[in-house]
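Single-structure report; data block below.
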Amino acid sequence: MRVFFFPNSSMAILSVFLSLLLLSLPLPSTQDLNADRTALLSLRSAVGGRTFRWNIKQTSPCNWAGVKCESNRVTALRLPGVALSGDIPEGIFGNLTQLRTLSLRLNALSGSLPKDLSTSSNLRHLYLQGNRFSGEIPEVLFSLSHLVRLNLASNSFTGEISSGFTNLTKLKTLFLENNQLSGSIPDLDLPLVQFNVSNNSLNGSIPKNLQRFESDSFLQTSLCGKPLKLCPDEETVPSQPTSGGNRTPPSVEGSEEKKKKNKLSGGAIAGIVIGCVVGFALIVLILMVLCRKKSNKRSRAVDISTIKQQEPEIPGDKEAVDNGNVYSVSAAAAAAMTGNGKASEGNGPATKKLVFFGNATKVFDLEDLLRASAEVLGKGTFGTAYKAVLDAVTVVAVKRLKDVMMADKEFKEKIELVGAMDHENLVPLRAYYFSRDEKLLVYDFMPMGSLSALLHGNRGAGRSPLNWDVRSRIAIGAARGLDYLHSQGTSTSHGNIKSSNILLTKSHDAKVSDFGLAQLVGSSATNPNRATGYRAPEVTDPKRVSQKGDVYSFGVVLLELITGKAPSNSVMNEEGVDLPRWVKSVARDEWRREVFDSELLSLATDEEEMMAEMVQLGLECTSQHPDQRPEMSEVVRKMENLRPYSGSDQVNEAD
């Protein structure tokens, strides 16, 4: 056998050739990113919405809107509210193996969840709320062991809540409300911080591990037990066991003697009966007197003309007070009453009911609203707002519009556009009532009131100041809500952005209110002087609102958040030195001493640079020239870059 040896020169040539061959092969990371890119393009083809403006000429998807990459892999896909529709096909998520955050919320996606979602085993945050997914919650979800946040609310999922959720041992948020789930809730021993199963056909008792959540986590179900009412078997007091047979207790003779001794005479019994009758009569008499007083008080409150005369001019976020007492009005005053104190005439029976939007659960009607107790929350630009308490768990806000001069058909067309707005940073409009003399809007009640009240309320001793984390989260939430409004079309704007129209949930999530109302009311109601300090300089006609005007108003709110100063209090002379001009007049190196709210400085020593950048953004938004102001989408992007996602953002789904 012959053995051939290559000369040194031949070996060198071979080594170079092999090296070049290896270099010409695609790197594994490049292959993976290409697979991610292919998967994203497949998703676009299947369910593409209006904002899929991806530049497919780019070889890397990492610069596409909503896509985030790390180490040359797609790790986050955020496409909320971009009109995605249809079923998600199999084979997409099988390639997105490094995905950690997936947000497809507030779209129109339907069908069942794809089975290959389980291959995205690194998923930590999954936001699918506000779609049309149906069928049972798939078992594939329970293999995502790293999942921390899961939101499947407001879909059409059916079946029971699986005990497979117990596999998700890191889960802190589970939202399943507004589906069609049935059966009982399994005992979920999980480190949950947020949990909600409201508006489902659930029954049985609430497991012990979930009883730590408040009652609003279980609304509109047939569940029982803490924190809701006791279950029937818990209410029943077990009777004492009786002895069987005819056995005579050993102490029967002694008990017979006691019975004789304790037996009451006829006179004593008669005295007791007479005393009870007299006592009962006194109680009835007292109740009649109290009811008469209450009836008189209520009838006075229902007199709409009296209420009109007494309602004071107050900011929209404060309560109306007379002689130190909050006006207590029935919902008849807050609801379907006419301007002359009589029921609306000539409008037909159709005007005598509340009209609910979309698939909103009709948990009450106009009669319930009329019977509810209510109180005046405040009088704002578009009318008076009331808090109506329907029952122990249902509280709504009713806005009684003024100066609405339009026909039923036109009002219906415009208000249905408002009711169709659906975003987590907007106060949802649940229902409306229309008659010749009354126009009412029913919203979710926001328990924390407005940003204005929180910023400018009691600033004395005992006040809990807002730290920078909360303020910046409020700012981003409000910006997202306004950006959503603007995304509905170039002609869609708010027209009345101010801190009293930014309402807050218990967890200080911002929700923009009063959107879409500027086009409903007359010019007298939208007098621009009512928005002193927030109005863009080019706005002279309150009916001609614009998106650039909204950006200006939002910039004022942003400066208000950082300075702690109310814009209406910043006018120093007849020329109107408003808040933006005052901030601009202060040199940047003096902002810490002159501009920043002193409450912030005592709490946020590490975030002053971020605060300064937010001030700069507020000044950009309040440019005197509309064309120099950024779009709200750009404002949101800049704010998110300034304030990276934190744990609190994730808990509140700021994705």
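Cβ from N, Cα, C; glycine included.
Going by Swiss-Prot, these are the annotated features:
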- 1-32: signal peptide (SIGNAL)
- 71-95: repeat 'LRR 1' (REPEAT)
- 98-120: repeat 'LRR 2' (REPEAT)
- 122-144: repeat 'LRR 3' (REPEAT)
- 146-169: repeat 'LRR 4' (REPEAT)
- 170-192: repeat 'LRR 5' (REPEAT)
- 194-215: repeat 'LRR 6' (REPEAT)
- 234-260: region 'Disordered' (REGION)
- 237-249: compositional bias 'Polar residues' (COMPBIAS)
- 269-289: transmembrane segment (TRANSMEM)
- 371-646: domain 'Protein kinase' (DOMAIN)
Segment confidence, the repeat 'LRR 6' (194-215), expressed as mean pLDDT: 92
Dominant neighbour of the repeat 'LRR 6' (194-215) in 71-95, 122-144, 146-169, by Cβ pairs under 8 Å: 146-169
Same-chain residue ranges lying at least 6 outside the repeat 'LRR 1' (71-95) that approach it to Cβ under 8 Å: 29-30, 32-33, 35-36, 38-40, 42-43, 46-52, 61-62, 101-117, 119-120, 122, 127, 423, 484, 487, 655
Contacting positions for the repeat 'LRR 3' (122-144) when only residues 6+ beyond its ends and CB under 8 Å are counted: 75, 80, 97-113, 115-116, 150-162, 164-165, 167-168, 175-176, 181, 422, 650, 653, 655
The repeat 'LRR 3' (122-144) - residue tally per DSSP class, helix then strand then coil: 5 helix, 8 strand, 10 coil
